[in-house]
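Remarks on the structure that follows.
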Amino acid sequence: MAGKTLFDKIWQAHEICQNEEGQSLLWVDRHLAHEGSFHAFNKLRERNLPVRHPEQTIGIADHYVPTVSRNLIAVQPKVRNVIEQLVDNCSRNGITLIGLDDPRQGIVHVVGPEQGVTQPGLLMVCGDSHTSTHGALGALAFGIGASEVAHVLATQTLWQTKPKTMRITINGELAPGVTAKDIALAWISRLGADGARGYAIEYSGDVIQKLSVEARLTLCNLSIEGGGRCGMIAPDAKTIDYIKGRPYAPQGEDFDKAAEYWQTLYSDADATFDQEIVFDGGDIAPTVTWGVSPEEALPIDASVPDPAEAETTSKARQIADSLEYMGLKPGQKLTDVEVDRVFIGSCTNSRIEDLRAAAAVLDGKKCKVPGIVSPGSTIVKHQAEEEGLDRIFLDAGLEWRESGCSMCVGMNGDLVASGERCASTTNRNFKGRQGPGARTHLMSPAMVAAAALNGRLTDIRELQE
Ligand SMILES: CC(C)[C@H](C(=O)O)[C@@H](O)C(=O)O
Ligand code: SF4
């Protein structure tokens, strides 16, 4: 019998049956719900259906929460209403809520791993595309749409077509200044934003093994930006250590038993993937986006592309369109691009290691441009404060905010002004993502900090020499 991939092992363990079209009915271990879940709860209410397993859902307020203070009185009624609907839907249905004032509050994809909700071998869903993040701990985790969320709430199961599998192997070693964010932007720019469309991705190789758990979360978070259905990394000793002792983790003997099972979750040596991609980690440079899709990314020492040099006319048109929106000139050096502000936050890069990396660059220095730092969770915020990182950010001239999605998507009103350019640790640089007319450049936390200091996109390696 042929070997199984990590993905196959978890899929098979959750498959209840198949229908005639070949779709599988899957058991959902854990469901995370943010404010956007109101559509699904409304659907249930319309049909008078109860939540089948309320203990397997956790509500977390993140997308709309204010970050200046926790005072809901001060926020727009529309925003307040969406948060209150989450509170109401959770309390009516007996669902645990990690609300605005909860000490565990934070971005759903930061809180899951932090609380030990995310574990190897689990099937996890959330009505949010970046649910791929949780695969970093060896879970099968993917985003679902509103009607699927309603199906999960009503049945704790989900119909899915089995995706094809892709392994992205990164061998060798990363050069100084290169992070998980750069790995992600590099593979997405090489394969394209559609490059992994519909595939379940597994990341492997020496570079991945050496990444910290937090860096793995960053990498898996961005899987969706390359089209991946999910991104996974086989659990190892680092994963098991990370989970041990967290509130939702199994305790005592149960933990040992779980850890024994977790160690069986890897792709067998003779397992085959529908696609294999191999990169050398040493070929990856600190990377920034110049356009309006995460695939429009280049090494920081490169220049803005010239539509005249594009391979096809449609590509030329696409580049010209991106440059126009971004207010950039063909051939302009990326390091000459001036920024108006910075944002450090989002489920991609707002964990403690991210904040430490940014603070290390800013320590004792002053930023040329303003910006916001929004920690990924309230726990990360407190830890950062204990380490004095908040002082470093404040002394450098940045704002130290509460935790939430904040300027990643601006649903709470944290917006980049039209025409302004923002160096951002987030995951999407789509037109208008951080506000109508806003221009976003994606990069790692250290690179954002460097851009803040110089008021322009900056090669982090210059500062590290
Ligand atoms: C609002 C939410 C559904 C959305 C998502 O699905 O990812 C958001 O988190 C995003 O990052 O664009
Ligand atoms: S931080 Fe950004 S990407 Fe992450 S869940 Fe919130 S809006 Fe989506």
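Every residue, even glycine, has its Cβ placed from backbone N, Cα and C.
As annotated by TrEMBL, [4Fe-4S] cluster binding site applies to Cys347, Cys405, Cys408. In this structure, Cys347 ([4Fe-4S] cluster binding site) belongs to neither helix nor strand by DSSP; it is coil.
Around the Cβ of Cys347 ([4Fe-4S] cluster binding site), a 10 Å sphere holds 27 further Cβ atoms from the protein chains shown. Apart from Cys347, Cys405, Cys408, the residues listed for [4Fe-4S] cluster, the same chain places the Cβ atoms of Asp62, His63, Ile107, His109, His130, Gly345, Ser346, Thr348, Ser350, Gly404, Ser406, Val409, Thr426, Asn427 within 8 Å of the centroid of those Cβ atoms. The Cβ of Cys405 ([4Fe-4S] cluster binding site) lies under 8 Å from the Cβ of Asp62, His63, Tyr64, Val65, Ile107, Gly345, Ser346, Cys347, Met411, Asn412, each of these being in the same chain and 6 or more residues away along the sequence.
Sequence-distant neighbours of Cys408 ([4Fe-4S] cluster binding site): residues of the same chain at least 6 apart with a C-beta under 8 Å from its C-beta are Phe343, Gly345, Ser346, Cys347, Thr348, Ser424, Thr426, Asn427, Arg428, Arg433, Gln434. Under DSSP, Cys405 ([4Fe-4S] cluster binding site) is assigned to coil, being neither helix nor strand in the three-state scheme.
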